[in-house]
């Protein structure tokens, strides 16, 4: 009799273990993605709001300008591809918009904090306000049309969607231009506070599944290396003080996410270490097939100071910016943004969970368990 009880207990344990494995191995089937950020994930907002992001941007994949500051796809594009969802339509784009499977509120030049120093007026707080308005209007129209308007997200998608945030680079890069390392570090708590307010507002609106990208190694951006030639470098050639600030920002961000996991019931947070993935591109550039980690592909018509995609008239002649032919051999597209090849390498690390905490693939980001 004792043997049969032991056997039964083992069977029960095995069944429970099998069920847990099955749950973890299955995909989350996120029906939508709502993204917030800056030009690293802007799929056309700044183009719709201020002016077109001109060619040769987009040439590698889209064959045309597609509102992205890159030669092709961004990290967010690879994420939606992996989730078998369409590319995200910018919230600010009203022509041919389809929000069935989410929307993109990221806008180039945006900061976390509201500041006039940022290129874009659409700081993170504004992006969240836009989302709240978007959700309210969507629910209203959905009810008015009895769910027949198929270009809008389904009413239950908002609680089942994946919410991705990739923003903070501009807060640090702009601040570095007129602050010392220690002065800039002193602003981080306020930046994190603004970020936290945004997350809590999204949670209040029903968001439950969050993928939080930390900031990359801003001190490795070629345009900043050119702007600050006298600043001390790290062993790989990046601006050491600015990367120190980025590391401190990421440390405080991760601590805050750990805290929010406890504060917000039923929330599922994935902290993604984008910094390590992007810094790895720099430190292992040659092995990954890149020529020079600090060179960039899209250059101005009169040198590297004009800007990618811009044109000027010089002595009555219109001059165009151009891009290199060997785009896959470059990390940086224009001195600020990444090439599609670099974006893909970083995205692969995000999607397989190797730089995430907890270390689960993006497709399984809803399977996290509370500790």
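Every residue, even glycine, has its Cβ placed from backbone N, Cα and C.
Annotated active site, nucleophile per Swiss-Prot: 39, in sequence order, evidence recorded as similarity to another entry. In the three-state DSSP scheme, residue 39 (active site, nucleophile) is classed as coil. Applying an 8 A CB threshold to same-chain residues 6+ apart, the list for residue 39 (active site, nucleophile) reads 46, 69, 106, 107, 108, 109, 110, 336, 337.
For the recorded site, residue 334 (active site), the DSSP three-state label reads coil. Taken from Swiss-Prot, the feature active site covers 334 (among others).
Per Swiss-Prot, the feature active site maps to 337 (among others); the stated evidence is similarity to another entry.
Listed in sequence order, 347, 351, 362, 363 are the same-chain residues at least 6 apart in sequence whose CB falls under 8 Å from the CB of residue 82 (N-linked glycosylation site). The N-linked glycosylation site annotation in Swiss-Prot covers 82 (among others) and is backed by sequence analysis.
According to Swiss-Prot, the feature N-linked glycosylation site maps to 143 (among others), an assignment based on sequence analysis. DSSP classifies residue 143 (N-linked glycosylation site) as helix under the three-state reduction. Every protein chain considered, the tally of other Cβ atoms within 10 Å of the Cβ of residue 143 (N-linked glycosylation site) stands at 10.
Positions annotated as N-linked glycosylation site by Swiss-Prot, on the basis of sequence analysis: 178 (among others). Here residue 178 (N-linked glycosylation site) comes close to no residue that lies at least six apart in sequence on the same chain with a C-beta under 8 angstroms from its C-beta.
According to Swiss-Prot, the feature N-linked glycosylation site maps to 194 (among others), an assignment based on sequence analysis. Same-chain residues at least 6 positions away in sequence with a Cβ under 8 Å from that of residue 194 (N-linked glycosylation site) are, in sequence order, 112, 113, 114, 124, 125.
Taken from Swiss-Prot, the feature N-linked glycosylation site applies to 315 (among others). Cβ contacts within 10 Å of residue 315 (N-linked glycosylation site), excluding its own Cβ and spanning all protein chains shown: 5.
The signal peptide feature in Swiss-Prot is assigned to 1-23; the stated evidence is sequence analysis.
For residue 334 (active site), the same-chain residues that are 6 or more apart in sequence and have a Cβ closer than 8 Å to its Cβ are 69, 296, 297, 298, 307, 308. Cα separation, residue 315 (N-linked glycosylation site) to residue 143 (N-linked glycosylation site), rounded: 60 Å. Just so you know, the Cβ of residue 337 (active site) picks up 24 other Cβ atoms within 10 Å once every protein chain is counted.
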